[in-house]
């Protein structure tokens, strides 16, 4: 796919380059050899505006459990077409410990994944632990760990036919319930991670019929318990032009306790949050666009009472006006 | 989060119209953050304990799940009402709401590509001279062929390589007449090569200035290669092997010739030992590792050889350590020793001076 092409960039004169190698600037560049290869590289190259869904890498740690296996399967179903599922055990991966992220980052780069869910079961210390996280430039950006309550876990398959009405790989609605998502720093991070993991690709328009599932995450008052639910959305007539929403649980369902949280380093965060300024349109002051064709503008007009002021000062006139009002 | 107020504003504006529908659909009436662009809703009021907390009262799991479902439905209704209020366009597949860009900020997955594309030499020149690009038509009328043709590329107008009859001067000397067709082909090749050279030079300058990030995604620096300031590239040895090192092209071809020479010279029955002497042959050397074995029978030199070997090993290990960085343990030991000797000497001198005074 790639061929080596050497490039020589002489500093002074091309004729001297062969004589004096040490003084010339040489570098070898690998160029894509075929168009197919070129396209493959360009597909995964950095972009000004990131529109594609972040691929979710799903993998297991040294020890895993039935609950986690099932959950990972369900996650792959929820992220259909946008996930990279791996089946082998990975004893070397520990996202929260120094050096434990090496092979995770390696896999991320290989699979072009920007998010991950890592399932690891430590019976006493961290039972049914699943870590959600993100990568920036193939390096771990942040991660959030939670211990799934094995008793409460219900996989998609147990909900029977509820998921049948949804389209595979559709863009889900997401709901975050509870004030802790606003007040607690860890849960705020968790909210952003979850939203990023499940939001799918960025779209400019969406089929209203296609909005067919909602992920609901509730944070309880203890600031540690998270309730994860997914519902199928059905529309019913309400008598107005707006349909009435009806929910049917489709799974997976689990309750989890928040574990370790790794926030992004501030400098990396600043770097990762950069937005291409050329893409952000500057909004014109006082202009509101309503829909495609309508544009409403606001115009500032000076006070029109300048002439009236003098008239108003006259006592006789003031009284007259008051009388009229009464 | 920040947009809650905006949303409320828009709700208030359309109050008369939406309020009825919201009521009819039993939507949640409290404050809600709606990020329509990401289909994201957050309802961040404090949850009612009786409805969600298992520790308070006699709430069962099933009841709580029902409560979540009911609450989520009401909140979702708000998102749906916002979605249906968006401008939309119809299609064979149904009605499409035109989504505004999302308001929640998410980190990028890959760094933002550099905004400025480094200028080529021509672009720099054009800027200096104030030369601006002019748009030229793709098609040109070819008078010779009497039809419209592309300006460049395959089947182009005025293709100099496809002219059937060309005027040529006959040279007075026999065999010296230049073939105009051959000349044109040669010239064309030279032009292509020149362009390629300029392209490479531009790339090289860009990398030198801005590093590997300046290259387009389909080009990347090979392993072991780098600019002048990148000395850790492993150059030398590797460069010869994979052709990707410093000054790869010229070195590679030279080395290739040498390799072939060596192979030919050693491809005799005696592996090159009893070849008839050819001038310059003695210079041919094999690349790569050569192993020499100590003699098993030569008792005279074995001891000396062994000693030399061990010394060589030690030397190598030592040099490794220094090249890799500072051996902290060793350095600490050295420092300690120095300090100790200093102390000792200081004490000695003190004693000496005392003794002198006593005398």
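Keep in mind that glycine also has a Cβ here, set from the backbone N, Cα and C atoms.
Not measured: the values here are computed from a predicted model.
So that you can see what the record holds, here are the features copied from TrEMBL:
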COMPBIAS  B:180-211  compositional bias 'Basic and acidic residues'
COMPBIAS  B:232-247  compositional bias 'Gly residues'
COMPBIAS  B:335-345  compositional bias 'Basic and acidic residues'
COMPBIAS  B:346-359  compositional bias 'Basic residues'
REGION    B:176-211  region 'Disordered'
REGION    B:224-252  region 'Disordered'
REGION    B:272-305  region 'Disordered'
REGION    B:318-359  region 'Disordered'
What parts of the chain pack near the region 'Disordered' (B:176-211), using Cβ distances under 8 Å and only residues at least 6 beyond its ends?
114, 118, 120-122, 160-161, 166-170, 219, 221, 227-228
Checked against DSSP, the composition of the compositional bias 'Basic and acidic residues' (B:335-345) is 11 helix, 0 strand, 0 coil
Per DSSP, how many helix, strand and coil residues does the region 'Disordered' (B:176-211) have?
31 helix, 0 strand, 5 coil
How do the residues of the compositional bias 'Basic residues' (B:346-359) split into helix, strand and coil according to DSSP?
13 helix, 0 strand, 1 coil
